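Look at TrEMBL and you will find 1-18 tagged as compositional bias 'Polar residues'. Taken from TrEMBL, the feature domain 'Phospholipid/glycerol acyltransferase' applies to 136-279. According to TrEMBL, the region 'Disordered' annotation covers 1-25. TrEMBL lists 49-69, 81-103, 175-193, 415-436 with the feature transmembrane segment.
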Amino acid sequence: MATNSIKQRPLSSQTSADPTADTGLKLTSLEPHPAGAVRHGVVRETLQVLLISLYFFISAVSVHGAQFIGSPLYFINKDWYYAYMAMTKQSFGILVTSMTYWWSPTLIRISGDASVRGQLRKGADGRFESTFPSRMILVANHQIYTDWLYLWWAAYSNAPHTMHGHVYIILKESLKYIPVIGPAMVFYGFIFMSRKWGNDEPRLRYRLQKLNSRHSHPMSGDSIQSRAGKPSLDPMWLMIFPEGTNLSENGRKGSAKWAEKSDQPDLRHALLPRSTGLQFCLQELKPSVDWVYDCTIAYEGIATGQFGQDIFTLRSTYFQGRPPKSVNMYWRRFWVGDIPVGDKNAFDKWLLERWREKDELLEQYVQTGRFPADDGSDRLTTNGNGAAGKGVAAAGAGYIETEVRPRQPLEFLQIFSPVAATVLLINVIWKLWAIFGRANMGAAAAV
């Protein structure tokens, strides 16, 4: 196996080959759905479609409207502009969290290895909480389009500082042109890639330089420095899917084709990763980011050779009441200083080794229905230099079983507050204008 000269896997292309040749399995209408029978009749499903569509549309328009309302801040005070946009990004995080809680409830099972010991816990209210850093690069395998939703929820669940207002995602450029959603993502500072490195490199460099810049505002990274008026780095979870696309029939064929071409075995439950973008991000952000966090995601009910996107569709998950019976997340982290970001071949090998480990984790999940879980403990020293001293015990969380749930029942109202406040203000100004206008007209007529 030629691992010393691993090359970047190219983007998979459409092929006209027999769709069953490589994967074999595809859920048909005659096979039972892994989430069970349809839970809603035609009337209920129709109402569900209308209600979800209405809520999402009104919420998305409200979020985008709030972005436009705050956009003049860019020309007045950029620090306050970035803080305001982070607030609107929080609103979108609340939107996807509330939608999942109301219409697609499912069990979330979380575990991790010893590297995240003490950073995963279940709160007193049953909600998941993590204590991940405020700046990191987050990589994950890409099973279904909803992967980003659950990762955004993980950012929402971080404590003591929530991170759902500081998520940045690297996406394919075509998504930028989706009405309402596309322009909103541009406001959020998401990074769009054409998958032509000559075009993408300067664009990516520019966006990463912005993520390395310092600001002084209430939502910047160091609140003490911000209150003192000193600039600090903004919080940032940069989300990257190194596979480049979600696991699908075409993606599977493209990965197998590249494995054959580069003389290496293909993966069973994931796609061979592409390294160029991630390596560039690490090189640019290394001075300000200490950790790469890795999340392996698996959905209950997807058999080997099947693809989640064909089973847990939008209709199945949200409209028919058939979400996955469980969504499983396995966390680990890697110190950036230990990653060979300066050597192309060494980095390719490092990333491939992480993805083969991920493939083994997914194989274990397929065989047992669970990822491994850390339930050990160790001692963490209280002093910052790592010298021996009185420590605090850090225990592995084992398995955390929870659900996607908002903190407060009425938290979703935050989505509409900027637009509602603006409408009320305009209404007051209009009425005052009308009152004083009539008074002035009356005074002029009296004269």
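Every residue gets a Cβ built from N, Cα and C, even glycine.
Curation does not apply to TrEMBL; its annotations are automatic.
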Six or more residues out from either end of the transmembrane segment (415-436), which same-chain residues have a Cβ under 8 Å from its Cβ atoms?
58-59, 62-63, 65-66, 69-70, 87-88, 91, 94-95
Cβ under 8 Å to the transmembrane segment (175-193), counting only same-chain residues 6 or more beyond its ends: which ones?
60-61, 63-64, 67, 71, 85, 88-89, 92, 168-169, 200, 203-204, 207, 210-211, 277
Take the transmembrane segment (49-69) and find every residue of the same chain, 6 or more past its ends, with a Cβ under 8 Å from one of its Cβ atoms.
85, 88, 91-92, 95, 99, 103, 180-181, 183-184, 187, 318-319, 412, 415-416, 418-419, 422
Per DSSP, what is the residue tally for the domain 'Phospholipid/glycerol acyltransferase' (136-279) in helix, strand and coil?
59 helix, 24 strand, 61 coil
